[in-house]
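Participant: Quick paste from TrEMBL:
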type	residues	note
DOMAIN	1-169	domain 'Major facilitator superfamily (MFS) profile'
TRANSMEM	24-41	transmembrane segment
TRANSMEM	53-73	transmembrane segment
TRANSMEM	79-96	transmembrane segment
TRANSMEM	117-137	transmembrane segment
TRANSMEM	149-168	transmembrane segment
Amino acid sequence: MASVYVPYFYIQKYALQLHINGEMAFYLLSMMNATSLIGRLGPNWLADRFGGLNIMAPTCFFTAVILFLWRLVDNPAGLIVIALLYGFISGGMISLPPSTIANLTSKRAELGTRMGLAYSIAAFGGLIGNPIAGACLRDHAGDAQREFQGPWFFAGAFMLLATGCLVFT
C-alpha cells in the first residue's frame, strides 16, 4: 500500500509542473478514479477463476511497470493515457486483497482477525508511502521529469518489492 496511492497524491502537481492546463490537471485525478472503479471489477472476476494470488502478483507487477514508465511522460496525451492505465491497474491492487484473504482463510471465524491484521500492517505502508515519496521530490528548475524521478522510482521499486513478496511466499 505504500506506493499504490503515490500517483493519486502527486499527479496534479506533476501535470502542473509539465505546464499542462490547470483544468486538465485537476481532471486527471477524476479520470484515474473512474478507471479505478472499472479496474476493480475485472481482476476480481479473474481471481474467482484463477485464484487471488495468481491475479494479484501480475497486477502488482504491471502496477510497478506503469509507475516506472510514469517519469517518461512529458505531454498531456501521454499523461492522460498513463493515468487511465494506472487507474485501471491500481483498481485491482485496491480490491483484490480482501477477497484473496477471504479465499485463503479456511475457518470463517478467523476471517475478521486475518483481515484486521492484514489491514493493520497495510496501514503503515499507506501512512508512510506518500510522505516518503514527497521527500524524494527534488527541485530541478521546472524540469518535471527530473523533479519527480524520485517519487516514481520509489513507488515503482516498492511495488516491485511487493511483487517479489507475493511471488516468493
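A Cβ is built for glycine as well, from the same backbone N, Cα and C atoms used for every other residue.
A TrEMBL annotation is a machine prediction, not a hand-curated record.
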Participant: Give residue numbers and ranges for long-range contacts of the transmembrane segment (79-96): same chain, 6 or more residues beyond its ends, CB-CB under 8 A.
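Facilitator: Same-chain residues near the transmembrane segment (79-96) but 6 or more away: 4, 7, 11, 14-15, 18, 20, 28, 31-44, 47, 52, 55-56, 59-60, 62-63, 66-67, 69-70, 73.
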Participant: Restricting to the domain 'Major facilitator superfamily (MFS) profile' (1-169), what is the model's mean pLDDT?
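Facilitator: PLDDT averaged over the stretch: 92.
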